[in-house]
Amino acid sequence: MSSYLFTSESVSEGHPDKVADQISDAVLDAILVQDPRARVACETMVKTGVAIIAGEITTSAWVDLEALTRKVIVDIGYNSSDVGFDGATCGVLNLIGKQSPDINQGVDRKKAEEQGAGDQGLMFGYATNETDSYMPAAIHISHRLVEQQAKIRKKSNSPLPWLRPDAKAQITLRYEDGVASAIDAVVLSTQHDPGIKQKDLVEAVREEILKPVLPSKWLHKGTKFHINPTGKFVIGGPVGDCGLTGRKIIVDTYGGSARHGGGAFSGKDPSKVDRSASYAVRYVAKNVVAAGLADRCEVQVSYAIGVAEPISISVTTFGTGKVPDDKIEKLIRQHFDLRPYGIIKMLDLIHPIYQPSASYGHFGRKPREFAYTNSNGGRVVATAFSWEKIDKAEVLRADAKLK
């Protein structure tokens, strides 16, 4: 029997890189409400006392960038100089320019379905049946831990009133013959007020954050727990570390369980295939696994700038496929339109759906409908995390002729 360990990590919404991601996606969402045809590539940097917003945006929309940036920072929990960063008083610097017309001529077409890719690149999508979310277990649990930290921190009359926004979690899983069997180690570091004693912090974090999340079936006597192992984490957030958009691409995706093409997501409108195609191939891989065609599936797609059709589509099921990989590839080509316009239409991506994805992972989330008011005063219904639907699983299974 083969045995090995695998580790993934996640970070909280208060981590400086995630603060930057959320600001970038908040800007994107605010623009899409007013201008669905906008081209947005918004980058953010946060450091002590300042948020810098830069990038290339072409739009007819007007957004109060300063007010929006401050709101995101305050909503996360950075609302006082006591915690090291105050969204109400920090400086906000706007360095946004327009998207190059050279890119526009490669993307925009008279016929929408001929829309070219906004850049060259390669993207990967992945799914596994080891969790209900079709995500690798280590990253799934890591996300839930930092999500629980924020939930407890923001709770009225919180049992842990000394929690601060910055936090990180890490899970090490033991696999036996390729199947997750036990949690070998748990690491959780959370920013805190200076008055809390380490012993009290460890006990409270175990009870309020770890216990509600960790699957008891995978815990054992040998599971190692490292809670704030340095003994002190008072200075955090943008004071402790400079935060930049797009620096947590492994946290955003599969925790290292699958390959990554290198492109970040936040702040990019869906004409950028770095984002939209990554969402599409997650949708593809998840439906392949949900259909029972494989236990694990990784799909790669690649593009050339200005060209609509993908340059390549490839499938790997790591020996878990119930049908050959080349047959799965043919089914993918038959049932999924992976041209940029096809992806946008298939997943209904031109809506303000992106800020929630900027923390706790872009994948493994539950699709949810919500309504918003567009610039004309009309009510619009959209679906956040539409790429997590498994609405193609049944037809894939039928066409694969699996019983």
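Quick reminder: no glycine exception, Cβ is built from N, Cα and C everywhere.
Just so it is clear, the model here is predicted, and its values are computed rather than measured.
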Record says HIS15, ASP166, ALA167, LYS168, LYS232, PHE233, ARG247, LYS248, ALA264, LYS268 bind ATP. Source is Swiss-Prot. Which of ASP177, ASP241 does it list for that same site?
ASP241
From 99-109, 110-120, 253-263, 319-329, the residue range that Swiss-Prot assigns the feature region 'Flexible loop':
99-109
All-chain count of other Cβ atoms within 10 Å of ASP241 (ATP binding site):
16
I'd like to know which of the binding-site residues GLU56, LYS232, ASP241, LYS248, LYS268, LYS272 sit within 10 A of ASP17 (Mg(2+) binding site) at the Cα level.
ASP241, LYS248
Quick check: in three-state DSSP terms, what is GLU43 (K(+) binding site)?
strand
Can you tell which of ASP17, GLU43, GLU56 has the least company, meaning the fewest other C-beta atoms within 10 angstroms of its C-beta, among these binding-site residues?
GLU56
If I take the Cα of ASP241 (ATP binding site) as reference, which of the binding-site residues GLU43, GLU56, LYS272 has the closest Cα?
GLU43
List only the single closest residue to ALA167 (ATP binding site), chosen from the binding-site residues GLU43, GLU56, LYS272 by CA-CA distance.
GLU43
Farthest-apart CA atoms of HIS15, ASP166, ALA167, LYS168, LYS232, PHE233, ASP241, ARG247, LYS248, ALA264, LYS268, residues recorded for ATP, distance in Å:
36
